[in-house]
Amino acid sequence: MRYIRLCIISLLATLPLAVHASPQPLEQIKLSESQLSGRVGMIEMDLASGRTLTAWRADERFPMMSTFKVVLCGAVLARVDAGDEQLERKIHYRQQDLVDYSPVSEKHLADGMTVGELCAAAITMSDNSAANLLLATVGGPAGLTAFLRQIGDNVTRLDRWETELNEALPGDARDTTTPASMAATLRKLLTSQRLSARSQRQLLQWMVDDRVAGPLIRSVLPAGWFIADKTGASERGARGIVALLGPNNKAERIVVIYLRDTPASMAERNQQIAGIGAALIEHWQR
């Protein structure tokens, strides 16, 4: 009897560890919504099978903001694969073509940039003018939306150019997607025959080289983990990230997180997305 009593005491002694463990992903998302006084949309999808692992408001609309730039460069690469575009083609532009936040393109007014360089600038530095120049090559917002329909995404829509597309007005369906649709589209671009293997590798590499996502999931990523991502932001209470993650330096899952309608500061939005990412990673490791 004494032995049994000691075993029970030993077992109970371990329970506080479970009580004080980090919250499960959905618990963290609900906590984030409460702290943000806004809405969170999220999906975690297995890259190989397309199976949904975790989801919250996954079929609700959220502003894409700059996360659309991954899809845009996917559309550009599809044109390259079809022989209608070349990554080496030089595009020249003028001062009046520049919009706010163009840290790369503003330095190349004299010499222009290639299509490939514009894609790199749009994804790795979120250069808005680079995105607009690329958008013109695929037929503008309507052309990009048509590309989405062609690959089976009947939800995601782009209606405006940079920087107006970041307006993120409450209830506005323009320039929006759902976490589920964005994840499915990203998976198609990276795993199906919509793009050649070479173009898939190039799109993924641009996301790996992202240089403006440091405060989000990258800030909580364990050593040796893979990440490729693209973020988006709006002054009107929205923030977002699309990412591929995995241990052992392999892309195994797609994670899409969007926030909207929050009065929280950008730093607070970043912190909440990082917290959701940390909860997903910890749950994954169990």
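Each Cβ is built from the backbone N, Cα and C atoms, and glycine gets one as well.
As recorded in Swiss-Prot:
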ACT_SITE  Ser66  active site, acyl-ester intermediate
ACT_SITE  Glu164  active site, proton acceptor
BINDING   Lys230, Thr231, Gly232  substrate binding site
DISULFID  Cys73-Cys119  disulfide bond
SIGNAL    1-21  signal peptide
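Overlay of Swiss-Prot annotations on the structure.
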residue : record                               : contacts (Cβ under 8 Å, 6+ apart)
Ser66   : active site, acyl-ester intermediate : Ser126, Asn128, Ala131, Asn166, Lys230, Thr231, Gly232, Ala233
Cys73   : disulfide bond                       : Cys119, Ala122, Ile123, Leu134, Leu203, Trp206
Glu164  : active site, proton acceptor         : none
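Those same-chain residues not listed among Lys230, Thr231, Gly232 yet with C-beta within 8 angstroms of the centroid of the substrate site C-beta atoms are Met65, Ser66, Thr67, Lys69, Val70, Ser126, Asp210, Val212, Ala213, Asp229, Ala233, Gly240, Ile241, Val242. The local packing around Lys230 (substrate binding site), expressed as other Cβ atoms within 10 Å of its Cβ over all shown chains, amounts to 26. Under DSSP, Thr231 (substrate binding site) is assigned to a strand (E or B) in the three-state scheme. Glu164 (active site, proton acceptor) falls within a helix when secondary structure is assigned with DSSP.
Counting every protein chain shown, the number of other Cβ atoms lying within 10 Å of the Cβ of Cys119 (disulfide bond) is 27.
Around the Cβ of Thr231 (substrate binding site), the number of neighbouring Cβ atoms within 10 Å comes to 25.
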